[in-house]
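A quick write-up on the structure given underneath.
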Amino acid sequence: MEKNNETLNIFKYFLILIIIYSVFVRVQGLGYSNFQGDEVNPMTFVYGMDNRVISYLLDQKRAPAQYVINIINVSLFGYHGEAQIRFPFLIFGILAIYTFYLLAKKIFNKKTALLVSSLMAVNGLFIAFSRITQYQAFMYFLIPVGVLVFIKALEEKSTKYFIYSGLIMMVALLAHFDTASVMPFFIVGFIADYIRTTKLSFAKMKMQFVPYLKNTFVFFATFILPALIYYVPYFLNSAFGDGTSGYLEGRLLGGGLMPRTQITLKLLTMYIPKFHIYTLFILGSIGLLFKSIELEDFEFWKIKINKKYYQKIYMFLVALLVFASAFSFYPVKPRSATLLVLLSSIAISFILTFSRKVDWKFASLAVWFLGSYSFYFYIMKDPRTHVYVSMIPLFILASYGFVEIINSIKLKWVVALFTLIFSVSLLYVSGVNWVMFVDKSPEYPWWDKDFLGSPVYRIKRVRHEKIEGVFGFNNYRAWEQIADLYERGCLVGSYNSNEKDAITYFYLRQHQKQGGLWELQTTEVDNLVVVPGPHSWVYTGLNGIEDKSFVLLKKIYSKENPNDPISYIYGSIFKYLDGKLLCE
(Lines of atoms letter the chains of each structure in order from A and count residues from 1; the text may use other names and numbers.)
(Lines give C-alpha, C1' and ligand atoms only; values in the text may rest on other atoms or scores of the structure.)
Protein backbone atom coordinates (compact mmCIF):
# COMPACT_ATOMS: atom_id res chain seq x y z
CA MET A 1 0.00 0.00 0.00
CA GLU A 2 2.96 2.33 0.59
CA LYS A 3 3.72 2.56 -3.12
CA ASN A 4 0.29 4.05 -3.65
CA ASN A 5 0.60 6.68 -0.90
CA GLU A 6 1.29 9.56 -3.29
CA THR A 7 -1.82 8.84 -5.37
CA LEU A 8 -3.97 8.34 -2.29
CA ASN A 9 -2.71 11.55 -0.65
CA ILE A 10 -3.71 13.52 -3.75
CA PHE A 11 -7.07 11.73 -3.68
CA LYS A 12 -7.47 12.62 0.01
CA TYR A 13 -7.00 16.35 -0.63
CA PHE A 14 -9.34 16.12 -3.60
CA LEU A 15 -12.06 14.64 -1.38
CA ILE A 16 -11.57 17.43 1.17
CA LEU A 17 -12.07 20.01 -1.60
CA ILE A 18 -15.20 18.17 -2.75
CA ILE A 19 -16.58 18.37 0.80
CA ILE A 20 -15.81 22.11 1.07
CA TYR A 21 -17.47 22.73 -2.29
CA SER A 22 -20.53 20.72 -1.25
CA VAL A 23 -20.90 22.84 1.90
CA PHE A 24 -20.83 25.92 -0.33
CA VAL A 25 -23.60 24.43 -2.49
CA ARG A 26 -25.74 23.86 0.61
CA VAL A 27 -25.40 27.48 1.71
CA GLN A 28 -26.11 29.09 -1.66
CA GLY A 29 -29.60 30.56 -2.00
CA LEU A 30 -30.76 29.33 1.40
CA GLY A 31 -33.33 32.12 1.66
CA TYR A 32 -34.04 32.45 -2.05
CA SER A 33 -37.00 30.09 -2.24
CA ASN A 34 -40.43 30.41 -0.72
CA PHE A 35 -41.36 27.61 1.66
CA GLN A 36 -41.89 24.42 -0.29
CA GLY A 37 -44.39 21.61 0.14
CA ASP A 38 -44.02 20.03 3.57
CA GLU A 39 -41.89 22.94 4.80
CA VAL A 40 -45.09 24.87 5.42
CA ASN A 41 -46.44 22.28 7.84
CA PRO A 42 -43.85 22.81 10.63
CA MET A 43 -44.42 26.56 10.29
CA THR A 44 -48.18 26.59 10.90
CA PHE A 45 -47.54 27.50 14.55
CA VAL A 46 -46.88 31.06 13.32
CA TYR A 47 -50.61 31.53 12.92
CA GLY A 48 -52.26 28.42 14.35
CA MET A 49 -50.83 27.54 17.78
CA ASP A 50 -52.47 30.08 20.11
CA ASN A 51 -50.07 29.26 23.00
CA ARG A 52 -51.27 25.63 23.01
CA VAL A 53 -47.86 24.07 22.38
CA ILE A 54 -48.59 20.50 23.52
CA SER A 55 -52.01 20.21 21.89
CA TYR A 56 -50.62 21.83 18.75
CA LEU A 57 -47.83 19.23 18.54
CA LEU A 58 -50.25 16.36 19.15
CA ASP A 59 -52.46 17.56 16.29
CA GLN A 60 -49.69 17.34 13.67
CA LYS A 61 -49.15 14.54 11.15
CA ARG A 62 -45.45 14.22 11.93
CA ALA A 63 -43.18 13.77 14.92
CA PRO A 64 -42.56 16.87 17.05
CA ALA A 65 -38.82 17.65 16.72
CA GLN A 66 -38.98 19.82 13.60
CA TYR A 67 -41.85 21.84 15.09
CA VAL A 68 -40.01 22.31 18.38
CA ILE A 69 -36.84 23.49 16.60
CA ASN A 70 -38.82 26.07 14.63
CA ILE A 71 -40.83 27.21 17.66
CA ILE A 72 -37.61 27.77 19.65
CA ASN A 73 -36.05 29.61 16.70
CA VAL A 74 -38.97 32.01 16.28
CA SER A 75 -39.47 32.43 20.04
CA LEU A 76 -35.85 33.52 20.49
CA PHE A 77 -35.32 35.61 17.36
CA GLY A 78 -38.74 36.36 15.90
CA TYR A 79 -39.67 35.48 12.33
CA HIS A 80 -37.46 37.03 9.66
CA GLY A 81 -38.00 34.87 6.61
CA GLU A 82 -37.12 31.53 5.10
CA ALA A 83 -33.33 31.68 5.51
CA GLN A 84 -33.58 32.10 9.28
CA ILE A 85 -35.94 29.13 9.62
CA ARG A 86 -33.81 26.89 7.42
CA PHE A 87 -30.53 27.85 9.06
CA PRO A 88 -30.61 25.31 11.96
CA PHE A 89 -31.26 22.49 9.51
CA LEU A 90 -28.43 23.73 7.30
CA ILE A 91 -26.12 23.49 10.32
CA PHE A 92 -27.36 19.96 11.08
CA GLY A 93 -26.79 18.99 7.45
CA ILE A 94 -23.23 20.33 7.50
CA LEU A 95 -22.38 18.79 10.88
CA ALA A 96 -23.70 15.46 9.59
CA ILE A 97 -20.74 15.31 7.21
CA TYR A 98 -18.55 15.11 10.32
CA THR A 99 -20.77 12.67 12.25
CA PHE A 100 -20.74 10.35 9.23
CA TYR A 101 -16.95 10.60 9.25
CA LEU A 102 -16.72 9.70 12.94
CA LEU A 103 -19.00 6.69 12.57
CA ALA A 104 -17.20 5.32 9.51
CA LYS A 105 -13.82 5.88 11.16
CA LYS A 106 -14.98 3.88 14.18
CA ILE A 107 -16.21 0.98 12.05
CA PHE A 108 -13.32 1.00 9.55
CA ASN A 109 -10.56 3.63 9.24
CA LYS A 110 -9.79 7.24 8.28
CA LYS A 111 -9.53 6.55 4.55
CA THR A 112 -12.96 4.97 4.45
CA ALA A 113 -14.38 7.70 6.68
CA LEU A 114 -13.16 10.52 4.42
CA LEU A 115 -14.69 8.83 1.41
CA VAL A 116 -17.97 8.36 3.31
CA SER A 117 -18.10 12.07 4.11
CA SER A 118 -17.43 13.02 0.49
CA LEU A 119 -20.10 10.65 -0.86
CA MET A 120 -22.64 11.99 1.62
CA ALA A 121 -21.59 15.62 1.02
CA VAL A 122 -21.93 15.39 -2.76
CA ASN A 123 -25.24 13.48 -2.70
CA GLY A 124 -27.98 15.73 -4.08
CA LEU A 125 -30.71 14.28 -1.89
CA PHE A 126 -28.76 15.09 1.27
CA ILE A 127 -27.90 18.54 -0.11
CA ALA A 128 -31.60 19.20 -0.68
CA PHE A 129 -32.52 18.13 2.85
CA SER A 130 -29.92 20.56 4.23
CA ARG A 131 -31.75 23.42 2.51
CA ILE A 132 -35.26 22.95 3.92
CA THR A 133 -36.88 23.18 7.33
CA GLN A 134 -37.68 19.52 7.85
CA TYR A 135 -36.60 16.67 10.08
CA GLN A 136 -34.27 14.83 7.66
CA ALA A 137 -31.07 16.84 8.25
CA PHE A 138 -31.60 16.68 12.01
CA MET A 139 -32.07 12.91 11.83
CA TYR A 140 -29.10 12.04 9.66
CA PHE A 141 -26.95 14.27 11.85
CA LEU A 142 -28.13 12.58 15.03
CA ILE A 143 -28.36 8.92 14.00
CA PRO A 144 -24.59 8.45 13.42
CA VAL A 145 -23.98 9.99 16.86
CA GLY A 146 -26.38 7.56 18.51
CA VAL A 147 -24.86 4.58 16.69
CA LEU A 148 -21.33 5.75 17.54
CA VAL A 149 -22.13 6.00 21.26
CA PHE A 150 -23.83 2.59 21.08
CA ILE A 151 -20.63 1.05 19.65
CA LYS A 152 -18.63 2.60 22.50
CA ALA A 153 -21.16 1.27 25.01
CA LEU A 154 -21.01 -2.26 23.63
CA GLU A 155 -17.21 -2.26 23.44
CA GLU A 156 -16.86 -1.06 27.03
CA LYS A 157 -19.98 -2.84 28.34
CA SER A 158 -20.91 0.52 29.83
CA THR A 159 -24.43 0.99 31.14
CA LYS A 160 -23.84 4.73 31.18
CA TYR A 161 -23.13 4.86 27.46
CA PHE A 162 -26.08 2.59 26.69
CA ILE A 163 -28.26 5.18 28.40
CA TYR A 164 -26.63 8.02 26.45
CA SER A 165 -27.07 6.18 23.16
CA GLY A 166 -30.66 5.29 23.94
CA LEU A 167 -31.50 8.89 24.80
CA ILE A 168 -29.90 10.17 21.58
CA MET A 169 -31.90 7.67 19.53
CA MET A 170 -35.02 8.62 21.49
CA VAL A 171 -34.58 12.22 20.34
CA ALA A 172 -34.14 10.94 16.77
CA LEU A 173 -37.34 8.92 17.17
CA LEU A 174 -39.11 12.12 18.17
CA ALA A 175 -37.88 13.57 14.88
CA HIS A 176 -39.42 10.85 12.72
CA PHE A 177 -40.52 7.22 12.71
CA ASP A 178 -37.78 6.53 10.14
CA THR A 179 -35.47 6.17 13.14
CA ALA A 180 -36.89 2.65 13.52
CA SER A 181 -34.95 1.71 10.37
CA VAL A 182 -31.75 1.73 12.48
CA MET A 183 -33.15 -0.91 14.83
CA PRO A 184 -31.45 -3.83 12.98
CA PHE A 185 -28.03 -2.37 13.82
CA PHE A 186 -28.74 -2.44 17.54
CA ILE A 187 -30.44 -5.85 17.60
CA VAL A 188 -27.68 -7.50 15.58
CA GLY A 189 -25.08 -5.60 17.59
CA PHE A 190 -26.20 -7.24 20.82
CA ILE A 191 -26.58 -10.70 19.27
CA ALA A 192 -23.35 -10.64 17.24
CA ASP A 193 -21.21 -9.29 20.08
CA TYR A 194 -22.70 -11.88 22.45
CA ILE A 195 -21.78 -14.66 20.01
CA ARG A 196 -18.24 -13.36 19.53
CA THR A 197 -17.68 -12.77 23.25
CA THR A 198 -18.94 -16.18 24.36
CA LYS A 199 -17.74 -18.10 21.27
CA LEU A 200 -20.99 -20.06 21.75
CA SER A 201 -19.48 -21.78 24.79
CA PHE A 202 -22.35 -22.84 27.05
CA ALA A 203 -20.50 -21.79 30.21
CA LYS A 204 -19.61 -18.38 28.83
CA MET A 205 -23.08 -17.88 27.37
CA LYS A 206 -24.60 -18.61 30.77
CA MET A 207 -22.20 -16.24 32.53
CA GLN A 208 -22.70 -13.38 30.05
CA PHE A 209 -26.45 -13.78 29.53
CA VAL A 210 -27.65 -11.62 32.43
CA PRO A 211 -25.24 -8.68 31.79
CA TYR A 212 -26.17 -8.66 28.10
CA LEU A 213 -29.86 -8.88 28.90
CA LYS A 214 -29.52 -6.00 31.36
CA ASN A 215 -27.72 -3.77 28.85
CA THR A 216 -30.21 -4.66 26.13
CA PHE A 217 -33.09 -3.69 28.40
CA VAL A 218 -31.42 -0.45 29.50
CA PHE A 219 -30.72 0.62 25.93
CA PHE A 220 -34.13 -0.12 24.45
CA ALA A 221 -35.91 1.24 27.53
CA THR A 222 -34.15 4.60 27.21
CA PHE A 223 -34.63 4.51 23.43
CA ILE A 224 -38.35 3.79 23.39
CA LEU A 225 -40.04 4.43 26.76
CA PRO A 226 -39.40 8.21 27.04
CA ALA A 227 -40.65 8.65 23.48
CA LEU A 228 -43.88 6.89 24.45
CA ILE A 229 -44.62 9.77 26.84
CA TYR A 230 -45.31 11.75 23.68
CA TYR A 231 -46.45 9.04 21.29
CA VAL A 232 -49.12 7.41 23.49
CA PRO A 233 -51.23 10.60 23.73
CA TYR A 234 -50.31 11.31 20.09
CA PHE A 235 -51.81 8.02 18.89
CA LEU A 236 -54.84 8.46 21.17
CA ASN A 237 -55.44 12.02 20.00
CA SER A 238 -58.51 12.51 17.81
CA ALA A 239 -56.42 14.20 15.10
CA PHE A 240 -54.47 10.96 14.61
CA GLY A 241 -57.61 8.92 14.15
CA ASP A 242 -59.25 11.52 11.93
CA GLY A 243 -56.48 11.86 9.39
CA THR A 244 -52.95 10.98 10.39
CA SER A 245 -53.55 7.23 10.74
CA GLY A 246 -55.04 7.10 7.25
CA TYR A 247 -52.10 9.08 5.90
CA LEU A 248 -49.57 6.71 7.50
CA GLU A 249 -51.46 3.61 6.39
CA GLY A 250 -51.57 4.97 2.85
CA ARG A 251 -47.81 5.43 2.83
CA LEU A 252 -46.85 2.24 4.68
CA LEU A 253 -49.33 -0.49 3.87
CA GLY A 254 -50.95 -2.06 0.85
CA GLY A 255 -47.90 -2.33 -1.38
CA GLY A 256 -48.52 -6.02 -1.93
CA LEU A 257 -44.76 -6.72 -2.03
CA MET A 258 -44.53 -4.94 -5.37
CA PRO A 259 -41.02 -3.49 -5.83
CA ARG A 260 -40.76 0.27 -5.60
CA THR A 261 -37.31 0.35 -7.19
CA GLN A 262 -38.33 1.73 -10.57
CA ILE A 263 -40.56 4.55 -9.34
CA THR A 264 -38.17 5.40 -6.50
CA LEU A 265 -35.14 5.47 -8.78
CA LYS A 266 -37.02 7.81 -11.11
CA LEU A 267 -37.57 10.21 -8.21
CA LEU A 268 -34.00 9.88 -6.94
CA THR A 269 -32.57 10.76 -10.36
CA MET A 270 -34.09 14.19 -9.89
CA TYR A 271 -31.47 14.67 -7.15
CA ILE A 272 -28.68 12.26 -8.09
CA PRO A 273 -27.30 11.20 -11.49
CA LYS A 274 -28.43 7.65 -12.20
CA PHE A 275 -24.90 6.30 -12.73
CA HIS A 276 -23.92 7.56 -9.27
CA ILE A 277 -26.80 5.68 -7.63
CA TYR A 278 -25.71 2.51 -9.42
CA THR A 279 -22.10 3.14 -8.37
CA LEU A 280 -23.09 3.36 -4.70
CA PHE A 281 -25.07 0.12 -4.86
CA ILE A 282 -22.37 -1.77 -6.77
CA LEU A 283 -19.60 -0.60 -4.43
CA GLY A 284 -21.77 -1.48 -1.43
CA SER A 285 -22.30 -4.98 -2.83
CA ILE A 286 -18.54 -5.30 -3.39
CA GLY A 287 -18.07 -4.26 0.22
CA LEU A 288 -20.30 -7.16 1.26
CA LEU A 289 -18.37 -9.55 -1.00
CA PHE A 290 -14.99 -8.68 0.50
CA LYS A 291 -16.14 -9.99 3.88
CA SER A 292 -16.46 -13.49 2.45
CA ILE A 293 -12.75 -14.10 3.09
CA GLU A 294 -13.35 -13.77 6.85
CA LEU A 295 -15.99 -16.49 6.99
CA GLU A 296 -15.02 -19.68 8.81
CA ASP A 297 -16.45 -23.21 8.81
CA PHE A 298 -20.15 -23.26 9.64
CA GLU A 299 -21.26 -25.56 12.43
CA PHE A 300 -24.77 -25.74 13.82
CA TRP A 301 -25.98 -28.84 15.61
CA LYS A 302 -25.13 -31.67 13.22
CA ILE A 303 -24.82 -29.40 10.20
CA LYS A 304 -21.27 -28.65 9.07
CA ILE A 305 -20.23 -26.65 6.02
CA ASN A 306 -16.62 -26.31 4.96
CA LYS A 307 -15.25 -22.76 4.94
CA LYS A 308 -14.58 -22.92 1.20
CA TYR A 309 -18.18 -23.83 0.34
CA TYR A 310 -19.62 -21.49 2.97
CA GLN A 311 -17.80 -18.56 1.38
CA LYS A 312 -19.16 -19.54 -2.03
CA ILE A 313 -22.69 -19.72 -0.65
CA TYR A 314 -22.28 -16.25 0.83
CA MET A 315 -20.93 -14.83 -2.45
CA PHE A 316 -23.81 -16.45 -4.33
CA LEU A 317 -26.30 -14.78 -1.97
CA VAL A 318 -24.74 -11.35 -2.53
CA ALA A 319 -24.86 -11.96 -6.30
CA LEU A 320 -28.49 -13.05 -5.94
CA LEU A 321 -29.29 -9.81 -4.09
CA VAL A 322 -27.76 -7.78 -6.93
CA PHE A 323 -29.55 -9.85 -9.58
CA ALA A 324 -32.92 -9.61 -7.82
CA SER A 325 -32.50 -5.85 -7.43
CA ALA A 326 -31.84 -5.49 -11.16
CA PHE A 327 -34.67 -7.92 -11.98
CA SER A 328 -37.12 -5.79 -9.96
CA PHE A 329 -37.02 -3.11 -12.68
CA TYR A 330 -38.74 -5.44 -15.14
CA PRO A 331 -42.51 -6.14 -15.06
CA VAL A 332 -41.99 -9.92 -15.31
CA LYS A 333 -42.88 -11.57 -11.99
CA PRO A 334 -42.07 -8.44 -9.91
CA ARG A 335 -43.04 -10.08 -6.62
CA SER A 336 -40.47 -12.78 -7.33
CA ALA A 337 -37.81 -10.06 -7.26
CA THR A 338 -39.10 -8.90 -3.88
CA LEU A 339 -39.05 -12.45 -2.55
CA LEU A 340 -35.47 -12.99 -3.76
CA VAL A 341 -34.31 -9.71 -2.22
CA LEU A 342 -35.92 -10.56 1.11
CA LEU A 343 -34.61 -14.14 1.20
CA SER A 344 -31.07 -13.21 0.16
CA SER A 345 -31.02 -10.32 2.65
CA ILE A 346 -32.16 -12.58 5.48
CA ALA A 347 -29.60 -15.26 4.58
CA ILE A 348 -26.73 -12.76 4.31
CA SER A 349 -27.77 -11.22 7.61
CA PHE A 350 -27.80 -14.64 9.29
CA ILE A 351 -24.34 -15.54 7.99
CA LEU A 352 -22.75 -12.25 9.04
CA THR A 353 -24.45 -12.19 12.44
CA PHE A 354 -23.36 -15.70 13.43
CA SER A 355 -19.89 -15.62 11.88
CA ARG A 356 -17.47 -15.23 14.78
CA LYS A 357 -14.61 -13.82 12.70
CA VAL A 358 -16.56 -11.07 10.98
CA ASP A 359 -16.45 -7.91 13.09
CA TRP A 360 -19.78 -7.40 14.80
CA LYS A 361 -19.82 -3.74 13.74
CA PHE A 362 -19.66 -4.75 10.08
CA ALA A 363 -22.37 -7.37 10.57
CA SER A 364 -24.62 -4.77 12.22
CA LEU A 365 -23.92 -2.23 9.47
CA ALA A 366 -24.69 -4.73 6.71
CA VAL A 367 -27.94 -5.86 8.32
CA TRP A 368 -28.91 -2.21 8.87
CA PHE A 369 -28.52 -1.59 5.14
CA LEU A 370 -30.19 -4.83 4.05
CA GLY A 371 -33.12 -4.30 6.40
CA SER A 372 -33.77 -0.68 5.44
CA TYR A 373 -33.19 -1.38 1.73
CA SER A 374 -35.64 -4.30 1.77
CA PHE A 375 -38.31 -2.38 3.63
CA TYR A 376 -38.22 0.96 1.81
CA PHE A 377 -37.72 -0.39 -1.70
CA TYR A 378 -39.81 -3.56 -1.58
CA ILE A 379 -42.32 -3.51 1.29
CA MET A 380 -43.36 0.08 1.97
CA LYS A 381 -46.13 1.20 -0.38
CA ASP A 382 -45.05 4.80 -0.98
CA PRO A 383 -41.49 5.48 0.24
CA ARG A 384 -40.52 8.46 -1.95
CA THR A 385 -37.53 10.31 -0.47
CA HIS A 386 -37.71 8.35 2.81
CA VAL A 387 -35.28 5.93 1.16
CA TYR A 388 -32.53 8.32 2.27
CA VAL A 389 -32.28 6.34 5.52
CA SER A 390 -31.06 3.27 3.63
CA MET A 391 -28.34 5.43 2.06
CA ILE A 392 -26.73 6.13 5.45
CA PRO A 393 -25.29 2.59 5.84
CA LEU A 394 -24.85 2.33 2.06
CA PHE A 395 -22.42 5.26 2.02
CA ILE A 396 -20.25 3.40 4.53
CA LEU A 397 -20.47 0.03 2.78
CA ALA A 398 -19.73 1.60 -0.62
CA SER A 399 -16.72 3.47 0.75
CA TYR A 400 -15.40 0.29 2.35
CA GLY A 401 -15.86 -1.51 -0.97
CA PHE A 402 -13.91 1.18 -2.83
CA VAL A 403 -11.04 1.18 -0.32
CA GLU A 404 -10.81 -2.62 -0.41
CA ILE A 405 -10.64 -2.54 -4.21
CA ILE A 406 -7.75 -0.07 -3.99
CA ASN A 407 -6.02 -2.20 -1.35
CA SER A 408 -6.29 -5.30 -3.52
CA ILE A 409 -4.74 -3.69 -6.61
CA LYS A 410 -1.02 -4.32 -6.91
CA LEU A 411 -0.16 -2.10 -9.88
CA LYS A 412 0.37 1.58 -9.07
CA TRP A 413 -0.90 2.82 -12.44
CA VAL A 414 -4.13 0.84 -12.05
CA VAL A 415 -4.70 2.45 -8.65
CA ALA A 416 -4.10 5.86 -10.21
CA LEU A 417 -6.49 5.12 -13.08
CA PHE A 418 -9.20 3.79 -10.77
CA THR A 419 -9.02 6.79 -8.43
CA LEU A 420 -8.96 9.14 -11.43
CA ILE A 421 -12.16 7.65 -12.85
CA PHE A 422 -13.84 7.84 -9.47
CA SER A 423 -12.64 11.44 -8.98
CA VAL A 424 -14.00 12.45 -12.39
CA SER A 425 -17.37 10.92 -11.45
CA LEU A 426 -17.44 13.00 -8.25
CA LEU A 427 -16.53 16.11 -10.25
CA TYR A 428 -19.38 15.37 -12.64
CA VAL A 429 -21.85 14.98 -9.77
CA SER A 430 -20.54 18.23 -8.26
CA GLY A 431 -21.13 19.98 -11.58
CA VAL A 432 -24.67 18.65 -11.70
CA ASN A 433 -25.18 19.94 -8.16
CA TRP A 434 -24.21 23.42 -9.33
CA VAL A 435 -26.86 23.26 -12.07
CA MET A 436 -29.46 21.96 -9.62
CA PHE A 437 -28.86 24.08 -6.53
CA VAL A 438 -26.70 27.11 -7.32
CA ASP A 439 -27.63 28.31 -10.80
CA LYS A 440 -31.11 29.82 -10.73
CA SER A 441 -31.53 30.95 -14.31
CA PRO A 442 -33.74 29.12 -14.98
CA GLU A 443 -34.79 27.20 -11.89
CA TYR A 444 -34.32 23.45 -11.84
CA PRO A 445 -36.28 21.16 -12.22
CA TRP A 446 -39.29 23.22 -13.30
CA TRP A 447 -37.40 24.36 -16.36
CA ASP A 448 -35.30 21.93 -18.39
CA LYS A 449 -31.56 22.17 -17.80
CA ASP A 450 -28.55 20.40 -19.25
CA PHE A 451 -25.03 19.72 -18.03
CA LEU A 452 -22.21 19.16 -20.51
CA GLY A 453 -24.77 18.73 -23.26
CA SER A 454 -26.81 16.07 -21.45
CA PRO A 455 -30.24 16.59 -19.85
CA VAL A 456 -30.05 16.59 -16.07
CA TYR A 457 -33.67 15.59 -15.52
CA ARG A 458 -36.99 16.17 -17.22
CA ILE A 459 -39.92 16.71 -14.92
CA LYS A 460 -43.17 15.12 -16.05
CA ARG A 461 -45.26 18.03 -17.28
CA VAL A 462 -48.79 16.72 -17.53
CA ARG A 463 -51.61 19.21 -17.18
CA HIS A 464 -53.53 18.78 -13.95
CA GLU A 465 -51.15 16.10 -12.61
CA LYS A 466 -49.80 16.56 -9.11
CA ILE A 467 -46.04 17.05 -8.67
CA GLU A 468 -44.64 15.20 -5.64
CA GLY A 469 -41.37 14.51 -3.86
CA VAL A 470 -39.58 17.72 -4.87
CA PHE A 471 -37.66 19.54 -2.12
CA GLY A 472 -34.67 21.79 -1.66
CA PHE A 473 -34.44 23.20 -5.17
CA ASN A 474 -34.71 26.89 -6.03
CA ASN A 475 -38.37 27.84 -6.20
CA TYR A 476 -39.19 31.54 -5.86
CA ARG A 477 -42.80 32.42 -6.71
CA ALA A 478 -43.06 35.86 -5.04
CA TRP A 479 -45.84 34.96 -2.62
CA GLU A 480 -44.78 37.77 -0.27
CA GLN A 481 -45.24 40.25 -3.16
CA ILE A 482 -48.70 38.87 -3.87
CA ALA A 483 -49.55 39.12 -0.16
CA ASP A 484 -48.45 42.76 -0.26
CA LEU A 485 -50.81 43.41 -3.19
CA TYR A 486 -53.68 42.12 -1.07
CA GLU A 487 -52.62 44.20 1.94
CA ARG A 488 -52.46 47.38 -0.15
CA GLY A 489 -55.87 46.75 -1.72
CA CYS A 490 -54.45 46.20 -5.19
CA LEU A 491 -56.09 42.78 -5.15
CA VAL A 492 -59.45 42.11 -3.52
CA GLY A 493 -61.75 39.16 -3.18
CA SER A 494 -61.26 35.42 -3.40
CA TYR A 495 -58.59 33.60 -5.36
CA ASN A 496 -57.58 30.23 -6.71
CA SER A 497 -54.13 29.00 -7.62
CA ASN A 498 -52.54 25.95 -9.15
CA GLU A 499 -50.20 25.86 -6.14
CA LYS A 500 -50.87 23.85 -3.00
CA ASP A 501 -53.36 25.52 -0.68
CA ALA A 502 -51.10 25.14 2.38
CA ILE A 503 -48.36 27.16 0.66
CA THR A 504 -50.62 29.97 -0.54
CA TYR A 505 -52.38 30.14 2.82
CA PHE A 506 -49.11 30.55 4.72
CA TYR A 507 -48.26 33.68 2.74
CA LEU A 508 -51.72 35.11 1.95
CA ARG A 509 -53.44 34.04 5.19
CA GLN A 510 -56.62 33.07 3.42
CA HIS A 511 -57.57 29.77 1.87
CA GLN A 512 -58.17 29.34 -1.81
CA LYS A 513 -61.76 29.39 -2.93
CA GLN A 514 -61.39 25.81 -4.09
CA GLY A 515 -57.88 24.95 -3.04
CA GLY A 516 -56.25 21.57 -3.20
CA LEU A 517 -57.96 20.45 -6.38
CA TRP A 518 -56.51 18.57 -9.32
CA GLU A 519 -57.58 21.30 -11.72
CA LEU A 520 -57.36 25.08 -11.48
CA GLN A 521 -60.95 26.25 -10.94
CA THR A 522 -61.97 29.52 -12.64
CA THR A 523 -65.63 29.70 -11.64
CA GLU A 524 -67.01 31.90 -8.85
CA VAL A 525 -63.62 33.38 -8.01
CA ASP A 526 -62.23 36.93 -8.28
CA ASN A 527 -58.52 36.25 -8.85
CA LEU A 528 -56.27 33.57 -10.26
CA VAL A 529 -52.64 33.20 -9.23
CA VAL A 530 -50.95 30.95 -11.75
CA VAL A 531 -47.35 29.79 -11.36
CA PRO A 532 -45.71 28.08 -14.35
CA GLY A 533 -43.63 25.87 -12.05
CA PRO A 534 -45.77 24.99 -9.02
CA HIS A 535 -43.88 23.33 -6.25
CA SER A 536 -46.25 20.54 -5.39
CA TRP A 537 -49.66 20.84 -6.90
CA VAL A 538 -51.03 21.21 -10.43
CA TYR A 539 -49.04 21.91 -13.59
CA THR A 540 -51.03 24.16 -15.94
CA GLY A 541 -48.44 25.07 -18.55
CA LEU A 542 -45.56 27.52 -18.75
CA ASN A 543 -47.52 30.45 -20.18
CA GLY A 544 -50.35 31.19 -17.78
CA ILE A 545 -53.96 30.54 -18.78
CA GLU A 546 -56.41 31.51 -21.49
CA ASP A 547 -59.80 32.47 -20.10
CA LYS A 548 -61.76 35.41 -21.50
CA SER A 549 -63.44 35.96 -18.13
CA PHE A 550 -60.09 37.02 -16.67
CA VAL A 551 -57.63 39.74 -17.54
CA LEU A 552 -53.90 39.57 -16.86
CA LEU A 553 -53.20 42.13 -14.12
CA LYS A 554 -49.53 41.53 -13.44
CA LYS A 555 -46.56 39.34 -14.26
CA ILE A 556 -43.91 38.80 -11.62
CA TYR A 557 -40.46 37.95 -12.90
CA SER A 558 -37.58 35.86 -11.61
CA LYS A 559 -35.04 37.49 -9.30
CA GLU A 560 -32.25 36.10 -11.45
CA ASN A 561 -33.71 36.48 -14.93
CA PRO A 562 -36.01 39.45 -15.66
CA ASN A 563 -37.28 37.71 -18.80
CA ASP A 564 -38.74 34.70 -16.97
CA PRO A 565 -42.27 35.15 -15.55
CA ILE A 566 -42.64 33.13 -12.36
CA SER A 567 -46.18 34.17 -11.43
CA TYR A 568 -49.18 35.44 -13.35
CA ILE A 569 -51.95 37.34 -11.55
CA TYR A 570 -55.34 37.40 -13.26
CA GLY A 571 -58.47 39.25 -12.19
CA SER A 572 -62.11 38.85 -13.10
CA ILE A 573 -63.21 41.31 -15.82
CA PHE A 574 -66.21 42.09 -13.61
CA LYS A 575 -64.03 42.97 -10.60
CA TYR A 576 -61.26 44.87 -12.44
CA LEU A 577 -63.20 46.90 -14.98
CA ASP A 578 -60.15 48.84 -16.18
CA GLY A 579 -58.11 45.68 -16.56
CA LYS A 580 -55.60 46.91 -13.97
CA LEU A 581 -54.73 46.40 -10.33
CA LEU A 582 -56.98 48.55 -8.14
CA CYS A 583 -54.01 50.52 -6.79
CA GLU A 584 -52.77 51.56 -10.23
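Heads up, the Cβ atoms here are built off N, Cα and C, so glycines get one too.
Checking TrEMBL for transmembrane segment across the ranges 176-195, 336-355 points to 336-355.
Of the two recorded stretches, the transmembrane segment (85-104) lies close to the transmembrane segment (385-403), with three or more CB pairs under 8 Å once pairs fewer than 6 apart in sequence are set aside.
Cβ atoms under 8 Å from those of the transmembrane segment (12-33) belong to residues 81-84, 86-87, 90, 93-94, 97, 111, 114-115, 117-118, 121-122, 127, 130-131, 423, 426-427, 430, 433-434, 437-438, 440, 473-476, 559 of the same chain, restricted to positions at least 6 beyond its ends. Sequence-distant contacts of the transmembrane segment (275-293) (same chain, at least 6 residues past either end, Cβ-Cβ under 8 Å): 119, 265, 268-269, 311, 314-315, 318, 321-322, 325, 348, 352, 358, 362, 366, 369, 391, 394-395, 397-402, 404-405, 425, 429. Taken residue by residue, the domain 'Glycosyltransferase RgtA/B/C/D-like' (67-204) breaks down under DSSP into 118 helix, 0 strand, 20 coil. The stretch from 138-154, 215-236, 313-330, 385-403, 415-437 with the most CB pairs below 8 A to the transmembrane segment (362-379) is 385-403.
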